[in-house]
Amino acid sequence: MSRAGNGGRQRIKTAKGRSASSIKWIQRQLNDPYVRKAQAEGYRSRAAYKLIELDERFHFLRGAKRVIDLGIAPGGWTQVVRRVCPQAAIVGIDLLPTDPIDGAIILQMDFMSDEAPAQLAEALGGPADIVLSDMAANTVGHQQTDHLRTMALVEAGCLFASEVLRPGGTYVAKVLAGGADHGLVAELKRLFTTVKHAKPPASRKDSSEWYVIAQGFKGRPEAAGADGE
């Protein structure tokens, strides 16, 4: 329990078998206001508030009819979409098993597989209005390696979005700062009319993550090229 004089922060007793890093993580979770808020409001993760804050600033969710959530587990972002767009068709995809969410279709598969774009479009009933991605690669503890691995995922997500979005659609994705993000932004500007970025208040201050909000999808380049053949 917390004691007077520590600013309301909780401390946990050390236990055999716990590493210093795991104790630090548990301590941070116990004292994180977003974790407590998520538990109180029924969200599966604190990441839900990142999407809420991004949408409050950029207004991309309201009116969406078809939404894809890449890397849905544990499901916090899809929960937000359900509350903001209760009539929307939502399909989430992840390699990890994810507990069901009312009103959402969840596919346990690799979004980079050849079958994924067609399978998700079929489940949605048409092209997507929005593709969301809060994915990050498993970290190895080396900052540049972690950055490059996550950027490869984001770029794959961008390619996927270009295959399933309707013209005028939106792609929102997590990015880790580190150098390779410049090439991604250039590609997004080629595919979308507006590309903005932000770090929502719910992102931890010591995190290198930020989010890209690409709106106004111009349409598939190959489709435009086919007309001229």
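Backbone N, Cα and C define each Cβ position, glycine as well.
Annotation source Swiss-Prot lists region 'Disordered' at 1-20. Residues or ranges marked as S-adenosyl-L-methionine binding site in Swiss-Prot (evidence: sequence analysis): Gly75, Trp77, Asp94, Asp110, Asp134. Swiss-Prot lists Lys174 with the feature active site, proton acceptor.
Taking the features listed in Swiss-Prot, we show where each one sits on the structure.
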| residue | record | DSSP (3 states) |
| --- | --- | --- |
| Gly75 | S-adenosyl-L-methionine binding site | coil |
| Asp94 | S-adenosyl-L-methionine binding site | strand |
| Asp110 | S-adenosyl-L-methionine binding site | coil |
| Asp134 | S-adenosyl-L-methionine binding site | coil |
| Lys174 | active site, proton acceptor | strand |
Measure from the CA atom of the residue listed as 'active site, proton acceptor' to the CA atom of Gly75 (S-adenosyl-L-methionine binding site) and give the result in Å, rounded to a whole number. 15
List the residues of the same chain that sit at least 6 positions away from Lys174 (active site, proton acceptor) in sequence and have their Cβ under 8 Å from its Cβ, in sequence order, or write 'none'. Ser133, Asp134, Met135, Ala136, Thr150, Val154, Glu209, Trp210, Tyr211
Would you please pick out, from the binding-site residues Trp77, Asp110, the one with the fewest other Cβ atoms within 10 Å of its Cβ? Asp110
Cβ atoms other than its own within 10 Å of the Cβ of Asp94 (S-adenosyl-L-methionine binding site), all chains, total 20
Around the Cβ of Gly75 (S-adenosyl-L-methionine binding site), other Cβ atoms within 10 Å, all chains included, total 23
